[in-house]
Every structure is written in C-alpha cells, then in structure tokens.
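Now, the feature entries from TrEMBL:
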type	residues	note
ACT_SITE	Cys339	active site, phosphocysteine intermediate
BINDING	Asn275, Ile276, Cys339, Ser340, Asp341, Gly342, Trp343, Asp344, Arg345	substrate binding site
DOMAIN	127-501	domain 'Myotubularin phosphatase'
DOMAIN	634-685	domain 'FYVE-type'
Amino acid sequence: MDPTDHIKTPKVENVRMLDRYHPSEPAVGTLYLTPTHLIFVDPDKKKETWILYTHIASIEKLPLSTAGSSLRIRCKTFLLVTFVIPRESDCHEMFVSLQKLSQPARLEDLYCFRYTSSSEDIPKQAGWSFFDLQAEYQRMKVPNDEWSLTLLNQDYELCDTYPKYLYVPSSASTNILVGSSKFRSKGRLPVLCYLHSNKASISRCSQPLSGFSARCLEDEKMLNCILKTNPNFSSMYVADTRPMINAMANRATGKGYENENFYENIKFQFFGVENIHIMRSSLGKLIETCEQQTTTSTMNNFLSGLESSGWLRHVKAIFDAAFFIAQAVSTGVSVVVHCSDGWDRTAQVCSLSSLLLDPYYRTIQGYQALIEKDWLAFGHKFSDRYGHIAGDPKEVSPVFTQFIEATWHLAEQYPRAFQFNENFLLTLHDHLSSCQFGTFIGNCEKDRIDLRLNERTFSLWGFMANHMSEYMNPLYAPEQHSDLLKPNLAPQNFKFWRGMYCRFESGVHPRENVSEYITATNDHSNSLEDHVRFLHRKISLIKSKLSECGGKVKSSLLKDSSPSIENKFFYNKVSVLSNLNSFDDPLGAIEFRKTESESPESQNLEEKITQITSDLESVALDWKTLRSVQECSCSAPFDHFTKKNHCWKCGNVFCTRCIDKHTALPGHLSQNTVPVCRPCYKLINQSPPAESPQ
C-alpha cells in the first residue's frame, strides 16, 4: 500500500515543539508528513527535525489544553518529542496517520523497499557480498578432521531458523543429527559456532524436549561427538543461560534442561540471564527514569530509578555468562550454550564470548561478520524484537541492544582494543529499526532469501563502508590486546550509557565528546602527514632534476670552452643557459625568457607553477575547531541531531548533508579519498588531475 494513502493532512502550521530541557522556549514551525518522515521545520531557528516513521515506538495523544492538542512521540532511538497542534481535528488526523505509517502491515511495505539512496554514491549490491558464512568458518580452519560441513539443512528442512550450511562433528551420523534435531526445541540441534586455535569450541542449540524424564539417545550421542572433537580435555560444559528456576519451570511444558544422569563427562552450569519480557520491562523503566523532568528530578530519583530498572544488573548477567565461557574455551574446554529457543540469550552470550576471545571480531569487518554469523544466520528474530511491522507487542525486546551496550562497556575498559568508536555502535543500533536497509529485515536467513533482500534493498554494510572514516577509533592499537580480554566485572565498573539513552539532551553538557575531538585531531594529523610525504617526494624529485640539469650545463660549459676561458663568456650566460629549456623541469621552478614576448616554453613553465600551487593549496593546513562553529554554511544549526564534519580541503565545518562527497586531494601522496564539501569537490574535479610524484 502506498504510504501517501494514509496521509490525510500533509501539513500543519503554527505547531509548537516542546523540549523538555527548555519547556519555556518552545520552537514554533510547520509539521509535515512525507511518505517516509515526519518533519518539523522551525524557520526562526533555522532548524529541521526529521523522524523516520519506522523509528516511532509509540504515539500518545494527550488531553486537550488551552494551547491546543498534543502528540507525544517516543522513538526507538530514545528521542522524546511533543508537538502541540492548534486544531484538535488536525491533531487527530495526524495521530491516525502516524499510527498507520509507523506500523506497516507487511514486511514488503517497509521503507527499505522504496529507499533509493539518492544522496549516496553506492550501488544497491554493495555490502551484500561482504560476508560469506563458509569463508568465516574457513578463517577458523573449518572444515577439518574434527568438524565438517553438512548439507542436511540446505533446503531448511532440518531447521528453518538455522542457516543452510551447518558445521557439525565429523563423527556425527545423519541419524544422530536428525534425532538430535527432533529432541531440541524448534529443531535447533547443537552446531558449531566458534572454534578456538586450541581446538576448544563454542556450540549452540536450544533447550531439550526432556520434560521430567524423557531422554534421546541421538542427542546424547550428539553431545558426546562434540566432546570428542577436542582431544585435549575429557569433559566439557553445557551452559544454560537461564536462571535455574526458569529452566525447571519449563519442564512442566515438556521442555527443560539436560538430565545429568544421561550425559557423561559433561558439567552443567546455569546463569541468571532473564527472559525477553523482563528485559523489555527493564528498558521501559530505564527510559522512564531518563524522561524525568529536569526541573523536578533529583540525583536520588535518578539513581533509584536506575537501580529499580535493573538494566545494568541484566547487562552484568550477560557478561558473567560470556566471560565464564570465554575463560573455559581459552583454557581448552569446549562449551555448548543454550537458553530456551536458542535465538536470544544464546546469541548474546555466544557473540560476546567470541568478542572476548578473538581480536578479529573487534575490527569493523570482524564485528559485522560476528553479527552476520551469530545473529542473522542463526535466526535472531529482528523483525519481531524491534517491531518492524504490526504484531504482538510481547515479542518486542531489546536483546540486540544489550549486546551493543555490552560491546560499549568493553570498549570503555579497553579503549585501544576496538577499531570502531561509539558512533559506529549508535549507527548500528539506530538502523536496527530504521528499516532503511534490508540487512536486519526478517527473522531468519530463510526469510531474507524469500524476500530477495539482496536484490531489492540496500545493505547497511555498504552504507557504512561509504562512511568508514566516521567510525574509526583513533586510539586503536590491536597489538596491545591480541588475546583474551578479561574485563573487570565488579558492579562499580558498569556505567549508565548516556551517549545512547540521553544523546538528545541539549543541556549544559558539550555537544562534542572527547572521542569526537580526538577523531578530528587524528584526521587532521593524517591529512598533514600525507601532505608532508607529498612535499618530501616533490622536493626529492626537484633535487634530482636540478642535479641532472646542473650536470648537463657543466658538461656543456666544458665542451664549449677553450683552455683559456674569456671573461666575456660569463657576461653572456643567457646564450648558454637557454639550453635549459630543453631539459626536464619538474616544477617549473627555473624560468628563462628568450624575448620579452611570451614563448610556448615559458607558458608551459607557468602552467606547471600554477599546477603546483594548486596542489599545495588543495590541503587545509588549519582546521576550524568544532566548538567555535554554531551552524553550517547552509544555515542549519548544529545540535544533537546534526553531526559536525570537517572538509579536508578547506578545513571548514559542515553538516552531513553538505559534506556527502569523497575525493582524493592533489596534495596527498596516498591519493586516498577523503570527505570534502560540495564546493571543494567541484573545484577539485574541474581542475586537471594532479600528477602524483613518482
């Protein structure tokens, strides 16, 4: 269905937008409904607020007041905004339209199927080929003698929420695999997730259908086969991420956990990671705490609200389980991990354990591969958990948000261990629910293949590759953390992530954090270093050419001179030195005029001088400081919605819309593409291409 069919009132004027941090200074402007965004334009403050419909979590129509009718909108990006609309009829129509636009009925109605990437110079297929599941296992040296690829799930008949390619113990027969699948919830049998260089492994599955006394010989053999893949240890762990009381309660429904009497040489360990409903409730309480009125809220209110939400306690529980598994694997003990259905808590713990163990997953490419493998391929229900379409609200839960936050906590303790920065994590989180790209659409690999997302939509990885410079951590030093990360899990080390949950706050805190200043300084230093290398190469070339020219002049003088050189020769140098015009002059640094009129040779020299001057001026030596710039050249003010970006050519600061071009600067030796503003982009591309010094 066309989104415009839901829009009855596309424009309302004299709307007030309330900012809870400055309630006495509302912005007044016009509210627009477009096919994809809700847009508020404040002409006086030159400010635009864009809200994607798919980012809207809830819409609340407040009681009528003397000022008008109010709509309160909460977003999945933790933005809270209130619009006061003069006429109640306009407010009601806006309310109805937004409810329909923010909750499409079908996946095919999502934004990604209409998104055209008009402002991004990337093809639609970019990013879809960045990850290959078989290549990732080959990186872990699988298949090998102990582990092999099975094609039993090639048509998703064994388990429709697993990937088509599964890696299982080589000793496991088809009967064992099929029997184990039938004994596991949703058919999610134990399969390889991560293999360490010491042959210890992390395998994942769902809970067994054991009830109070049921057993399955094939499933018992399956776990024994996994145990035998690691010849270094005669035992292994089964890590049940649920609280034990929850696992026991599931036995009444015919599910539950493994009976220790039936599984030999296996140690069982329970952890206290709660279910999706408790996590959803916890996040709701955290958001309520963050939305307290700044004029009446106290420190005690905030801290007690943070404590009662239990949010940080839940994040710590995930860490406790992941660190236990990572330590076991690093010492050579294999672990099988499961929760209930194996697509929420299991994904959190397996991926976080891998992040602790493997430095590759701490790079941008590796982190994306980790998400593709442990979350997308193994069937985390992204469309259900983030409410992409209208459905059961009880299925919504911030499972992946907790994984992103756990990554942030690790980066806070190990700031030099990760190639990416906080902006990378925030961008990743926001596009979980934006539905602008097809990467996170659907609940499993089979859903994405059926929807042909790689043909019909853009990939988030392609978009992020086009903005890689924005996500780089300037402090990254992988050689300092090449093995297992051992985070301090003491309660006082878990912090409230203000950059995620209060990022739209426009109070007394500075708009640019330390990381942004370091990144800008690092970019400026890299630009200058590249320019210095360019100048060194040019100077070396000049010296070699001048030496060559000097040698030719000297040989010419010796050849033409007689044994007794007359003094008058030195007063008539022009006739000899004019021969230099036939020599190579790399920079046009030496100019000789034969006559008062311009000769073609001298014009060529002037063109070379002009080109060199242009090359030298193509790199900004001074960059404007971020703090000193209040608005972009397009008059857009810089606030919490607008990121500041430097143009590497002119050094000025621009908003994201005005610096959407990348090109190589003539004054850089590397000729790598860098961000530039639109005027500089036109200027560089109108000029003749620079000759990089050889």
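Using N, Cα and C of the backbone, Cβ positions are placed for all residues, glycine too.
Caution: TrEMBL annotation is automatic and unverified by curators.
Of all residue pairs in the substrate-binding list (Asn275, Ile276, Cys339, Ser340, Asp341, Gly342, Trp343, Asp344, Arg345), the one with the greatest Cα separation is 12 Å apart.
Counting only residues at least six positions away in the same chain, the Cβ atoms of Ser206, Gln207, Asp240, Thr241, Arg242, Val273, Arg345, Thr346 sit under 8 Å from the Cβ of the residue listed as 'active site, phosphocysteine intermediate'. Other residues of the same chain near the substrate site, with their Cβ within 8 Å of the Cβ centroid of Asn275, Ile276, Cys339, Ser340, Asp341, Gly342, Trp343, Asp344, Arg345, are Ser206, Thr241, Thr346.
For the domain 'FYVE-type' (634-685), the model's pLDDT averages out at 86. The helix, strand and coil residue counts that DSSP assigns across the domain 'FYVE-type' (634-685) are 12 helix, 13 strand, 27 coil. Annotation for the binding-site residues Asn275, Asp341, Trp343, Arg345: lowest Cβ count within 10 Å of the residue's own Cβ, Asn275.
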